[in-house]
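Going by TrEMBL, these are the annotated features:
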type: SIGNAL; residues: 1-18; note: signal peptide
type: DOMAIN; residues: 25-126; note: domain 'SRCR'
type: DISULFID; residues: 51-115; note: disulfide bond
type: DISULFID; residues: 64-125; note: disulfide bond
type: DISULFID; residues: 95-105; note: disulfide bond
type: DOMAIN; residues: 151-253; note: domain 'SRCR'
type: DISULFID; residues: 219-229; note: disulfide bond
type: DOMAIN; residues: 274-374; note: domain 'SRCR'
type: DISULFID; residues: 299-363; note: disulfide bond
type: DISULFID; residues: 312-373; note: disulfide bond
type: DISULFID; residues: 343-353; note: disulfide bond
type: DOMAIN; residues: 384-492; note: domain 'SRCR'
type: DISULFID; residues: 460-470; note: disulfide bond
């Protein structure tokens, strides 16, 4: 029982310190968020706690930094997160706050304590990661020499070694300096399910029935790691026999994304009412579920690895590596459908798990649940590298290519047409997070000896696993073939994510006939349709479709203009600096999708108009201040300010689609561009205007979106 308990508990815990730090720290307990909990230290092969005597915020700051957070916001006493087990390692700890590790602070010494576990200390860390701090992705499952960390499949057939992913083979576990096998006596399909899940596969295949290190594995099938299953280990002096048996062999069924035989893809469909949003890497993101044709989120109360694994498997990945809480993959904007999800781990869908419906009092989007799933090893990062950059997150992109003789060498990508979506794929393939920028010239970085262009005309949607899956020229065709014009990237662990408040547009829309003599400033900023130039200024008027825009940053990094302040443009007319040439497109489309009117709010002054609770404003346009939108804040462009309109003077009565697109040229990096467009059905009778069905581009199901797009053409007063 103690082995089982010791194995199970850490799976539900948190990050450990980086590998270069000797002392491991983790947060434990319940109920808690990912950035708070009982402090536990790993010392002399054993996890233990800290006593709350003399504990302070300075102590908490040191511990939070060891866990990868920027600082502490508080600490707790009297076992607020439950009582720990085992040793109480430290007591009367006194830090000044600047120490690199808690072990450098004054204390009574290791294991010297007069406390009980009723006095276990906890910390609350600020939910902001230290840049570049890498989360440990090894689930800390056991703490003795028989520690099962890594598991692999050794292919039986020689040909299978060359093809990735490896889906079947002998199960081997890392043991000392080598690999050991597992005895298959009593091996069950449930054990196979756990191994397949760890290796990134959603399903197991049934199979018929050296050096054996492990015997009698007894998984229930709901575990996310083999180490969490009860098992017997060989005694050091025993002969490693496996009476009546042989090495355990498993066969896994990959998800549709990883199928090598495309003919099988049609048989295995992934869920259409669950999706992941906002993640940088494959198999991670905020969990969203579909109900009544509208996507919504899941609240993180009681969110754990079992529930997360059900989501991962139904989307064609393996079991969950992490169950993330506290909006760690950005916040959603729609409804919150589920709370206190309690999956066993064997369910086919999260919708089959018990859960509570939420109310606004229960949950807010800052509690949106997310997952990181195990995915099959594809070796994609071995065919790409970055060179010349100042950090490992940036550089010139070089690809491994093979010539007709099979000789492998590194080559460059032509910088022409290279942009943010392509850079997103390169950063994902490298495992370096989101793309901060895609660069078409890299002359300011150190050159390597690689000069040959091996790829050009790259065009990605942004969702591909590797650059080889993107469209590109069959034969290289590059106008500027010099190395200094090759493609480069700057990657980042976090990114912003802008979303327009669709319902506010619908609520605030109206028509104004504005006299031309009040529109000189707007004309100068190119906010009117082309026919305005031929008008008899200053007589007459323009008909304007006006509305308010509220643009939220729901991502994990501030949205900041690409251009530095030295290149911002002063507009005397409106009395402020514009930091982006094109920030938003406002369009009116007819049934064929043709533009009939546009109001490009070209240059923008970006600032925090307001923020959600506990978030402070950082950006203000006044007095040449910094421009941007802070995470958790929004920029409001009221209906009554200049250029906040579409000029519909030349538009005939009829039915249209109104469309607003934020950051249309992908000029600034975002974690998700699919939610940058907002659409509304629009009815105009020549005097009044009505908007309805306003929604963000990815808020509805595919079927609902198709019905929406057919709407204008089905009416009899359609314009020609």
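For all residues, glycine too, the Cβ spot is worked out from N, Cα and C.
Here the Cα atom of residue 219 (disulfide bond) is found 35 Å from that of residue 125 (disulfide bond). It is 274-374 that, among the stretches 25-126, 151-253, 274-374, forms the most Cβ pairs under 8 Å with the domain 'SRCR' (384-492). Cα distances from residue 363 (disulfide bond) to the disulfide-bonded residues 343, 373, 460 are smallest for 343. A sphere of 10 angstroms centred on the C-beta of residue 51 (disulfide bond) encloses 24 other C-beta atoms. Counting only the Cα atoms, the space from residue 229 (disulfide bond) to residue 299 (disulfide bond) is about 29 angstrom.
For the disulfide-bonded residues 115, 229, 363, 373, 470, the ranking by surrounding Cβ atoms (within 10 Å, all protein chains) places 373 first. Candidate disulfide-bonded residues: 51, 115, 125. Nearest to residue 105 (disulfide bond) by Cα distance: 51. The most densely surrounded of the disulfide-bonded residues 64, 105, 312, 353, 460 is 312 (count of other Cβ atoms within 10 A of its Cβ). The Cβ of residue 125 (disulfide bond) lies under 8 Å from the Cβ of 35, 36, 60, 64, 67, 69, 71, 72, 73, each of which sits 6+ residues away along the same chain.
Taking 95, 115, 312, 373 as the disulfide-bonded residues under consideration, the smallest Cα distance to residue 343 (disulfide bond) is found for 312.
According to DSSP, the secondary structure content of the domain 'SRCR' (384-492) in residues is 17 helix, 37 strand, 55 coil. Here the domain 'SRCR' (25-126) has a mean pLDDT of 90 out of 100.
For residue 115 (disulfide bond), the nearest neighbour among the disulfide-bonded residues 299, 460, 470, judged by Cα separation, is 299. Helix, strand and coil residue tallies for the domain 'SRCR' (274-374), in that order: 16 helix, 33 strand, 52 coil [DSSP]. The two recorded residues residue 470 (disulfide bond) and residue 373 (disulfide bond) have their Cα atoms spaced 24 Å from each other. Ranking the disulfide-bonded residues 51, 95, 312, 373, 460 by Cα distance from residue 353 (disulfide bond) puts 312 first.
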